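Some notes on the structure that comes next.
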Amino acid sequence: MAPRSLLLLFSGALALTETWAGSHSLRYFSTAVSRPGRGEPRYIAVEYVDDTQFLRFDSDAAIPRMEPREPWVEQEGPQYWERTTGYAKANAQTDRVALRNLLRRYNQSEAGSHTLQGMNGCDMGPDGRLLRGYHQHAYDGKDYISLNEDLRSWTAADTVAQITQRFYEAEEYAEEFRTYLEGECLELLRRYLENGKETLQRADPPKAHIAHHPISDHEATLRCWALGFYPAEITLTWQRDGEEQTQDTELVETRPAGDGNFQKWAAVVVPSGEEQRYTCHVQHEGLPQPLTLRWEQSPQPTIPIVGIVAGLVVLGAVVTGAVVAAVMWRKKSSDRNRGSYSQAAV
């Protein structure tokens, strides 16, 4: 099914901003999970502007509907919620049919649980133009089919996915979706950036410090923390006597802090007594200039465990839903993920 127009949801035209601070993205993630013996597959969809989730749909909710996750989107009128909910329900049904088709095509048992994930959306440059568009599916955690960067052709992961590819090509789906990406997706993104500019266009700098953890009489771990920053894009590096220690650095993925901001750390194991030779370097758009930190032997502030635990709790909650499943998969398919539309069948 081809992309549908959402511009009719909005009364009045958005006054376009000629330039934007940096690039921005609109992403729609969906996950459909079959559960034999327990009814229809569960469908969860979440929508993001940059690193901020602002919409969520769960077919298992008491009243399944698209729900706001940010105050700035609550201002939308009843027609907006009726239509976005309608799209989510239509996409849920499409993915349920797709799950049954894939089960048959892969000759799999109906007794097992299977997952179909989707991600689509657009990246917009500072000039307001399309940087890149996305339309991807994964089945049981593996890439299935994706729209190529040229927005004209598809990459199928196997012979089963080639069936979907031939269907998309016969329906000229790439052309229709490209029209959506270059037009409506960017229009929606601009609108959301304007309505939520106080939240979405902020740049909260990280609070950074170094923690020292002795391992033995001969070694210690230096862990460089960056806390409370937004957006999620950040660079943490360790240097020894001015030389980057890329191979020896343990670096965790950026994770939510539980309050709309993010946290991250990078660690190195160093010989005891040589700590002063190591410096941590932090780069983030919220900083007027990069930070350089060196561990000092004086008492350090206690690591804010509550904030860290909150972040882990949030991350764990997301794992049980759809978001982290999509994020784990998108690591392979996107650097950093749509406006609502009715999905094509798989």
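Backbone N, Cα and C atoms are what each Cβ position is placed from, and that goes for glycine too.
Note that the structure is a prediction, hence the values are computed from the model and not measured.
The disulfide entry in Swiss-Prot for C185 points, among C122, C280, to C122. Rounded to a whole number, the distance between the Cα atoms of C122 (disulfide bond) and C280 (disulfide bond) is 34 Å. Sequence-distant neighbours of C224 (disulfide bond) (same chain, 6+ apart, CB under 8 A from its CB) are A208, H209, I210, L236, W238, W265, A266, A267, C280, V282, L293. Highest local Cβ density among the disulfide-bonded residues C122, C185, C280 belongs to C185, counted as other Cβ atoms within 10 Å over all protein chains shown.
The DSSP breakdown of the region 'Alpha-2' (112-203) into helical (H, G, I), extended (E, B) and coil residues amounts to 39 helix, 29 strand, 24 coil. Mean pLDDT for the region 'Alpha-2' (112-203) in this predicted model: 95.
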